[in-house]
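Record features, source TrEMBL:
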type     : residues                       : note
SIGNAL   : 1-24                           : signal peptide
BINDING  : Arg106, Leu112, Asn287, Arg382 : substrate binding site
BINDING  : Cys441                         : heme binding site
REGION   : 504-532                        : region 'Disordered'
COMPBIAS : 515-524                        : compositional bias 'Polar residues'
Amino acid sequence: MSWAVLLGLLAALLLLLLLSRRRARRPGEPPLDLGSIPWLGYALEFGKDAASFLTRMKEKHGDIFTVLVGGRHVTVLLDPHSYETVVWEPRSKLDFHAYAVFLMERIFDVQLPHYNPSDEKAKMKPTLLHRDLQALTEAMYTNLCTVLLGDTTEAGSGWQEMGLLDFSYSFMLRAGYLTLYGVEALPRTPESQAQDRIHSADVFHTFRQLDLLLPKLARGSLSVGDKDQVCKVKGHLWKLLSPARLAPRAHRSSWLDSYLQHLEEMGASEEMQARALVLQLWATQGNMGPAAFWLLLFLLKNPEALAAVRGELEQILLQAEQPVSQMTTLPQKVLDSMPVLDSVLSETLRLTAAPFITREVMVDLALPMADGREFTLRRGDRLLLFPFLSPQKDPEVYTDPEVFQYDRFLNPDGTEKKDFYKDGKRLKNYSVPWGAGHNQCLGRAYATSSIKQFVFLVLTRCDLELTSPDAEIPEFDLSRAPPRGCRQGLRSVSALLQNETSQCSRALKPRQPHPETSSLTTTGRKGREGVSCSLQGQPCVTPGRHPTWGRLLPPVGPTHRGLVMPHLLILQMEKQALRAEVSYPKSLILVIFFMNRVFREEPWLSCLAVLIKSSIFI
Ligand code: HEM
């Protein structure tokens, strides 16, 4: 018997030992479900369709249970009344940042010496609040005008057709990038603004190529071609966002200056700083565009909602001191008095934001539930909240939870509705798109005003209609989506690009302005410029052809795929990472290696190896 066979046998034995080690439930712990596959547990089901898996587990075990997912024990909490305790636990007990560090290293190649997430958070927080927030909001308005109105004006006064996702994502990200990372020159000139448009379009298109490959990157399943592409795109982004390239930019945000200073204080090299800035571009901009896409789509598909929002905006325009074309900003007090648009945004996020709120359990911990029960959490496990199932899609909390109701978050007197109930008790966290507690999204206020400004500009300065207004929002494609009723928030990304590019070649004739939108243009749009825009719910711009929007490819008729898209990429990534990070012991990887080599001829063993490997990298 050769040494290789011996080693192989040894490895197989080790594997069996590892696989057969089963954990037992201790008194006081939540129901434990290890699944039927040793060690893997529910990794495959969880990875394939987390939302329906969790729904099934909830029916079986109730609103708290522990499942085995690829060697990790994950305690899932689905009682929204009990979220409050978890989100306010100190980091020494339930840690949020381990995941962020993982993301930094694995996906964005960022390794920072002496990195302390709490320190970083303390430094960055003030730059997104109060006076700095006001500066960001004002800059965002100007930059939205530069890219949105500049592009559409440059492209001529007729109708243009382009995909709604690309429209929303690109304009939001380009304006967001200029806002945080600075503009070409101050004071702005037509030339510098044209340069801002070209440069921000380059950033967006390069970013988007990476964005589409991120899920595969997170699960380590890039093909050789993908890897080359990722290297190329990252390299380009690192150059675009290098500190040297950013140094001469004007009107940089205090967020950027503080972040760069923080990186320098940590001793990060120039190259590492550029990488960190790419990570931040993704973290700050990856969710706003998709959120704006869903909001516009819901409006365009719900005439009553669109009319209500337009009515609200027209009131604002009537009270404004200057015509909309001369407005250089939307004052915060105006942004704060848009209850209808606020309700539309909350409803959009309720239906589409599906964050996994995960925390590492740092010490053995007692978790008191709102109903008086108490469970023990074990150190080293992971705690997972999934507010998308409850409260966001919970029929006890929301009637017809699948239906978009634009005024769901409005009281009859027009004020914000905040009272939602479950089990007869008022819920504190009745929708959790921004997270909650200690780690609630720091960019929430900036993101909210940016999305509102974008909607304001689109609806007041452009005519807008779907090219196929009668087409239903299609069923989602099950091969890439979470289950029925839960799909919007958990999309896969890469297939969409293929779909975008493959279907963009079908031609449609340009259309005339829609009677409804034409008539609306007459009221409340003082000094409106001749910009009109026909949009459809379908991405259809081929990357690389973008710079001026002048050469848009013909749009595509709606299909199932066009409307399904990654909503919140941070959250999408969280899902991927949860699986990818499931730490496989190095010994197991070695075992697989030997199994591959030695038992290549044994079909059952190779199958097992393939199964294990694929679950590692799903
Ligand atoms: C629609 C847009 C956005 C959504 C839906 C969103 C959502 C979230 C969620 C769910 C979390 C995690 C909360 C947790 O696990 O407890 C988070 C964290 C965070 N978000 Fe956002 N976010 C958005 C935009 C932004 C923007 C524009 C910025 C910054 C400019 C930002 C900065 C942050 C930061 C810094 C954290 C980490 C907070 C911490 O470390 O405690 N977000 N966000």
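Positions of Cβ are set from backbone N, Cα and C atoms, glycine also.
The 6 Å Cβ screen around ligand 1 retains Cys441 from the binding-site residues Leu112, Arg382, Cys441, ordered by sequence position. Here the Cβ of Asn287 (substrate binding site) has 27 other Cβ atoms within 10 Å, regardless of which shown protein chain they belong to. The most densely surrounded of the binding-site residues Arg106, Arg382 is Arg382 (count of other Cβ atoms within 10 A of its Cβ).
Separating the Cα atoms of Asn287 (substrate binding site) and Cys441 (heme binding site) is a whole-number distance of 11 Å. In three-state terms derived from DSSP, Asn287 (substrate binding site) belongs to neither a helical nor a strand segment and is classed as coil. Neighbour density for the residue listed as 'heme binding site': within 10 A of its CB lie 17 other CB atoms from the protein chains shown.
On the backbone, the CA of Leu112 (substrate binding site) and the CA of Cys441 (heme binding site) stand 22 Å apart.
Largest Cα-to-Cα span within the substrate-binding set Arg106, Leu112, Asn287, Arg382: 25 Å. Under the three-state DSSP scheme, Arg382 (substrate binding site) falls in the strand class. Cβ neighbour count for Leu112 (substrate binding site): 20 (other Cβ atoms within 10 Å of its Cβ, all protein chains included).
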